[in-house]
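Colleague: I have a structure I would like to understand better, so I am pasting it below and will then ask my questions one at a time.
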6 protein chains.
Amino acid sequence: MARAPKTLTHIGKRGEAHMVDVSQKAATERIAVAEGRVIMSAKTLRIVEQGDAKKGDVLGTARLAGIMAAKKAHELIPLCHPLLISKVEVEVTPDKKLPGVRVRASVKVTGQTGVEMEALTAVSVACLTIYDMVKAVERGMRIEGIRLVEKRGGKSGVYRADEP
Amino acid sequence: MARAPKTLTHIGKRGEAHMVDVSQKAATERIAVAEGRVIMSAKTLRIVEQGDAKKGDVLGTARLAGIMAAKKAHELIPLCHPLLISKVEVEVTPDKKLPGVRVRASVKVTGQTGVEMEALTAVSVACLTIYDMVKAVERGMRIEGIRLVEKRGGKSGVYRADEP
Amino acid sequence: MARAPKTLTHIGKRGEAHMVDVSQKAATERIAVAEGRVIMSAKTLRIVEQGDAKKGDVLGTARLAGIMAAKKAHELIPLCHPLLISKVEVEVTPDKKLPGVRVRASVKVTGQTGVEMEALTAVSVACLTIYDMVKAVERGMRIEGIRLVEKRGGKSGVYRADEP
Amino acid sequence: MARAPKTLTHIGKRGEAHMVDVSQKAATERIAVAEGRVIMSAKTLRIVEQGDAKKGDVLGTARLAGIMAAKKAHELIPLCHPLLISKVEVEVTPDKKLPGVRVRASVKVTGQTGVEMEALTAVSVACLTIYDMVKAVERGMRIEGIRLVEKRGGKSGVYRADEP
Amino acid sequence: MARAPKTLTHIGKRGEAHMVDVSQKAATERIAVAEGRVIMSAKTLRIVEQGDAKKGDVLGTARLAGIMAAKKAHELIPLCHPLLISKVEVEVTPDKKLPGVRVRASVKVTGQTGVEMEALTAVSVACLTIYDMVKAVERGMRIEGIRLVEKRGGKSGVYRADEP
Amino acid sequence: MARAPKTLTHIGKRGEAHMVDVSQKAATERIAVAEGRVIMSAKTLRIVEQGDAKKGDVLGTARLAGIMAAKKAHELIPLCHPLLISKVEVEVTPDKKLPGVRVRASVKVTGQTGVEMEALTAVSVACLTIYDMVKAVERGMRIEGIRLVEKRGGKSGVYRADEP
């Protein structure tokens with residue numbers, strides 16, 4: 001794992017927030033993978049899966065919401081740079097062991113900053129969409145474990161999260 | 001706690017996703033409270049808090065990002081209705097016990113649908129903003145426990161999450 | 001069919017564009033239904049249908065894109081009023097006779113202006129999404145026949161398009 | 001005309017929608033031209049033209065709406081990549097033979113994907129804007145013939161639609 | 001003129017920013033009028049006017065940009081409530097005495113909060129658009145005197161700015 | 001100061017507005033600095049400053065609103081090109097001499113067009129946000145002197161505004 005700086009790069013000299021200057025960074029290929037999960041009862045998961053088996057809609061809707069949200073990360077997160085994302089892939093997988101649904105997003109760019117926030121935003125909004133579509137059945141669902149799984153490209157090199 | 005329906009209201013008769021018809025629902029006052037947390041190392045939390053003590057910026061930026069995101073929930077979540085939110089409040093509190101930062105959002109509306117998604121979106125985006133501003137120090141942070149804490153108003157009545 | 005005024009209500013006294021004043025209109029329930037179609041070769045339609053039979057994705061993606069676009073009509077169309085849409089439904093149906101795909105959107109609101117533009121925008125964006133997802137196979141597809149099918153509510157009463 | 005692939009590039013291996021990876025494509029200059037038309041009665045067209053002769057507003061508003069919409073194509077169409085458009089031109093021309101209004105959009109970019117969707121979105125939203133501004137006079141207008149006229153640049157080479 | 005409170009209503013008890021709760025306010029008709037001006041050389045103004053005489057475009061584009069921006073005020077200004085604007089009118093008038101262009105926006109709503117920010121945003125963006133379209137001719141233009149001219153409706157009653 | 005062209009580059013041959021073609025311009029580093037001020041009574045300024053001393057919120061909120069608005073300039077200003085901003089910095093400084101608050105924004109990009117509009121939009125929205133947060137105390141505040149201070153990069157070279 002690459003060494004991280006020990007200062008908050010978004011905080012200016014006098015403490016005010018600002019968008020950091022990335023103009024001197026090289027435009028290289030950068031990849032980020034993030035994940036998260038929505039925890040629900042086994043009964044709710046069955047309803048989601050049956051719906052999905054027949055129609056694909058809860059999971060398919062969450063997948064699209066995640067993809068579209070990746071393109072909006074810089075609008076939502078104040079100090080995030082706009083980027084020309086070259087790929088977004090969101091996987092939404094029911095998992096009986098949780099029980100619940102696992103979400104994994106992978107984003108690629110050729111640019112001057114990384115796409116961690118795009119991948120994390122895709123995961124978050126996909127999870128929120130699952131919650132929205134299933135909340136009438138179970139309000140007590142929780143979104144857990146949203147984290148960066150992997151990051152490649154850029155000066156800070158490769159990052160890979162510890163398992164699990 | 002009010003009883004929840006046992007069907008997916010966003011799924012049409014033939015299984016396709018649609019925005020449910022709320023035109024016959026009464027326009028009543030509705031409130032939702034949601035929470036979540038960003039887990040980080042004690043060392044990272046100290047950097048955040050020192051930054052905040054002097055400048056208020058990591059936590060203040062997250063708070064504003066959460067408020068602004070509540071207004072965008074219907075743009076992010078495909079089947080969410082647009083609403084005229086009448087109040088948003090986002091609290092962002094460092095907590096040494098986690099260690100990390102707790103986020104709590106409370107949203108109010110007078111309208112035909114609830115504001116759970118607005119509150120959950122505010123929490124999610126505030127957490128993502130904290131991650132964004134501190135990621136240079138610690139990439140391994142995790143966003144955990146995003147859930148609905150309380151909901152009042154509308155036909156389904158009062159919902160209150162079990163502790164903790 | 002109700003009688004339509006014979007002046008351009010969006011044009012001011014000196015000819016400049018403006019958003020018309022709807023503050024004196026009653027907030028009544030209003031419904032609009034619009035339709036359109038994407039014309040393609042029979043061969044392309046088969047690819048779309050097979051994709052859909054197995055996966056639901058071309059048609060499902062178009063459906064969601066249409067629903068989300070209905071919420072954006074007032075951002076796209078300069079003099080369109082913002083509205084609190086209470087329902088959006090988009091149907092996307094392959095039709096061998098065209099050959100191609102038919103799109104139909106139905107939008108409901110309780111408000112001071114109609115939702116024709118929301119329904120027409122939903123249809124247009126659903127058609128554009130079909131084009132986007134299938135264009136690698138056939139660039140020569142055309143979007144045809146986007147029109148208002150029905151409109152109810154408001155002072156101008158019921159409008160129903162002539163068949164077909 | 002260049003040969004088109006015979007698979008749906010937006011559909012993943014297991015059938016789910018995703019944004020295709022364009023990171024290996026060269027950043028070349030790409031141009032797309034699209035067209036469409038709004039069909040109305042001769043009487044309505046006269047009102048539009050008189051309005052336009054004096055004030056330029058129906059046609060001018062449609063032109064601007066089309067330009068602004070080209071910049072939003074990637075927000076509306078789920079799997080469309082964001083792009084740094086370098087030029088947008090929208091022509092809006094009354095045509096007594098239709099009778100109605102012809103819309104033609106031309107978009108240019110230096111990037112890794114084409115701008116067909118940007119041009120088609122510009123045309124669609126310009127047509128919707130004309131409908132919006134004239135609908136009080138004639139609700140039965142139709143939007144017809146939205147199609148790609150020409151496309152240059154990128155690996156798939158030149159595409160030119162058959163006449164007319 | 002109505003008496004204004006002497007505290008900052010957007011600042012919470014512990015000093016953090018929040019969207020104030022307007023849920024107890026009555027939904028009454030509210031109007032706000034704002035103005036501003038772009039100052040330029042007499043020579044630049046002539047170019048604008050000649051362009052406008054023939055084509056209406058600098059001034060017409062600014063007018064539309066102002067109208068569309070009024071609908072976006074709550075997205076731009078963090079603590080501003082979303083509103084269902086019922087009317088927007090923007091006047092853009094060349095004035096040889098300045099020399100420059102005067103902008104005046106008038107916004108109406110039936111709602112729980114005022115539309116001052118919508119009117120001021122419309123004026124600001126119309127002025128920015130004039131700057132954008134004329135900057136190739138004169139970079140030294142200035143935007144001056146953006147202020148609220150009049151406000152009616154709501155508990156604070158009527159406000160009218162002192163002349164001029 | 002570099003020489004400016006004497007024509008309106010946004011106006012087409014027949015007078016219609018269009019986004020100018022920048023595809024032949026070199027992608028160079030470009031910087032723009034803009035400024036503006038909000039004029040208020042000395043008493044109001046004291047309230048703002050006390051709020052800020054304790055909490056940082058009026059000024060901090062304006063700063064963030066300005067940064068986020070820079071990313072939206074191309075959505076607000078019809079003929080403005082989208083850009084990948086590489087840095088935004090907004091300074092918000094109380095000034096007893098005005099009395100009021102000075103706003104200064106600095107934006108950097110590597111691209112084919114300048115960032116004047118991004119800097120001016122950041123200043124405008126930061127000023128509007130200050131107005132919004134303090135308007136309950138003094139409705140008569142004015143936004144004055146929004147102008148370009150400096151511009152570097154691109155074919156037109158360096159521009160620096162005359163003092164003050």
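Yeah, the Cβs are placed from backbone N, Cα and C, and that goes for glycine too.
Pulled from TrEMBL, these are the listed features:
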type	residues	note
ACT_SITE	E:Asp132	active site
BINDING	E:Leu79, E:Cys80, E:His81, E:Met117, E:Glu118	substrate binding site
DOMAIN	E:19-154	domain 'Molybdopterin cofactor biosynthesis C (MoaC)'
Colleague: By the DSSP assignment reduced to helix, strand and coil, which category contains E:His81 (substrate binding site)?
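Modeller: It is coil.
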Colleague: Please list the DSSP helix, strand and coil residue counts for the domain 'Molybdopterin cofactor biosynthesis C (MoaC)' (E:19-154).
Modeller: 51 helix, 47 strand, 38 coil
Colleague: For the C-alpha pair, I'd like the distance in angstrom between E:His81 (substrate binding site) and E:Asp132 (active site), rounded off.
Modeller: 28
Colleague: Among the recorded positions E:Leu79, E:Cys80, E:His81, E:Glu118, E:Asp132, which sit with their Cβ under 8 Å from a Cβ of chain B?
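Modeller: Correct list, in sequence order: E:Leu79, E:His81.
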Colleague: If you measure Cβ to Cβ, which of the binding-site residues E:Cys80, E:His81, E:Glu118 are under 8 Å from chain F?
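Modeller: Near chain F, the qualifying binding-site residues are E:Cys80.
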Colleague: When you tally the Cβ atoms that lie within 10 Å of each candidate's Cβ, which of the binding-site residues (E:Leu79, E:Met117) has the highest tally?
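Modeller: By the 10 Å Cβ neighbour count, E:Met117 comes out on top.
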Colleague: Provide the number of Cβ atoms within 10 Å of the Cβ of E:Cys80 (substrate binding site), excluding the reference atom itself.
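Modeller: Counting Cβ neighbours of E:Cys80 (substrate binding site) within 10 Å gives 26.
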Colleague: Let me check the 10 A CB neighbour count of E:Glu118 (substrate binding site). How many other CB atoms are there?
Modeller: 29
Colleague: Let me know the largest Cα to Cα distance in Å among the substrate-binding residues E:Leu79, E:Cys80, E:His81, E:Met117, E:Glu118, as an integer.
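Modeller: Taking every pair among E:Leu79, E:Cys80, E:His81, E:Met117, E:Glu118, the longest Cα gap is 13 Å.
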Colleague: Taking the domain 'Molybdopterin cofactor biosynthesis C (MoaC)' (E:19-154) alone, what is its mean pLDDT?
Modeller: 93
Colleague: Could you give the Cα-Cα distance between E:Glu118 (substrate binding site) and the residue listed as 'active site', in whole Å?
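Modeller: Distance (Cα to Cα, whole Å): 21 Å.
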Colleague: Between the binding-site residues E:Leu79, E:Cys80, E:Met117, which lies closest to E:Asp132 (active site), Cα to Cα?
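Modeller: Comparing Cα positions, the candidate nearest E:Asp132 (active site) turns out to be E:Met117.
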